[in-house]
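Trainee: What follows is a single structure, and I will ask about it in a moment.
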């Protein structure tokens, strides 16, 4: 009898999860992805400082090599952004 109750609760939880998560799955964080097919590079300038160039604003340059490899080519990825309608939301996160 207990097994039947546990099974019913589990099935209900899965169905509820499916109903509430389908809207999230259809949302795209890409929008108009300005970072698609953009490449970036890492080099050292004349002063010996690391220079990363090639990605537009709002994009992150990701390299598939170690941090000490120069020069290196990477790929640009768009950073995810979030917004809130609650004025106190930022203050709560900073605490």
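A Cβ is built for glycine as well, from the same backbone N, Cα and C atoms used for every other residue.
Residues or ranges marked as disulfide bond by Swiss-Prot: 35-59, 40-61, 55-76. Positions annotated as signal peptide by Swiss-Prot, on the basis of sequence analysis: 1-21.
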Trainee: Write out the long-range same-chain contacts of residue 76 (disulfide bond), meaning residues 6 or more apart in sequence whose Cβ is under 8 Å from its Cβ.
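Mentor: For residue 76 (disulfide bond), the qualifying residues are 35, 38, 39, 40, 54, 55, 56, 59, 60, 61, 62.
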Trainee: Among 35, 55, all listed as disulfide-bonded residues, which has the most CB atoms within 10 Å of its CB?
Mentor: 55
